[in-house]
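For 44-180, the entry in TrEMBL reads domain 'Phosphotyrosine protein phosphatase I'. The active site, nucleophile annotation in TrEMBL covers Cys50. Feature annotation from TrEMBL assigns active site to Arg56. The active site, proton donor annotation in TrEMBL covers Asp154.
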Amino acid sequence: MSYSQYIADTYGSKRGLARYVKFNIKKHLGAYKNADGRQIKNTKRLIYVCSGNICRSPFGEAVSLKAGFPAISFGLHCRGGDPAFEKTLDYASRHGYNLDRHRSTKMRDYTPLVGDLLIVMEPAHLDELNALYPNVNKVLIGQFASNKTVYLHDPFNTNQTFFDKCMQQIEEATLSLITTIKK
């Protein structure tokens, strides 16, 4: 396997690798402590957030709902009304989840409720939501995966190997998060 192929399969792209390294170094220097999952005990609903609400966040929502935990999702930079990405639909179907009825939701259509937990995929999402919803608890989903990370690269323009890896991490982290909340 070439170095380029390894990067594409493991990090999604060279940019994905650079961001993975950057944000995980920042984590080890003490950043993102406000999103480490310490304040999740009274969570009543999981709110999955990503950029377009067609890949990562709708899949997290589907995993949560199938596990019996209330959830919704929205996109920070989407127009709303779009179906889930074709690769997301395919992956979900192959793993027992149904996203056929999903339509992307814009951030402005989200109304916070007591007990909401905003689940973000990357630190840029965290920064944006901290400014808009300072009183709503937030976590970085990758903190609950077995291979802990603060950055889960957007799989939209990546190869199938990375796309599947990303979805696997979301599923694993979501189930781990739900278990932690219920303890």
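Each position is counted from 1, following the chain as shown.
Positions of Cβ are set from backbone N, Cα and C atoms, glycine also.
Curation does not apply to TrEMBL; its annotations are automatic.
According to DSSP, the residue listed as 'active site, proton donor' is assigned to coil rather than to any helix or strand. Here the domain 'Phosphotyrosine protein phosphatase I' (44-180) has a mean pLDDT of 97 out of 100. Taken residue by residue, the domain 'Phosphotyrosine protein phosphatase I' (44-180) breaks down under DSSP into 58 helix, 21 strand, 58 coil. Around the residue listed as 'active site', a 10 Å sphere centred on its CB holds 32 further CB atoms from the protein chains shown.
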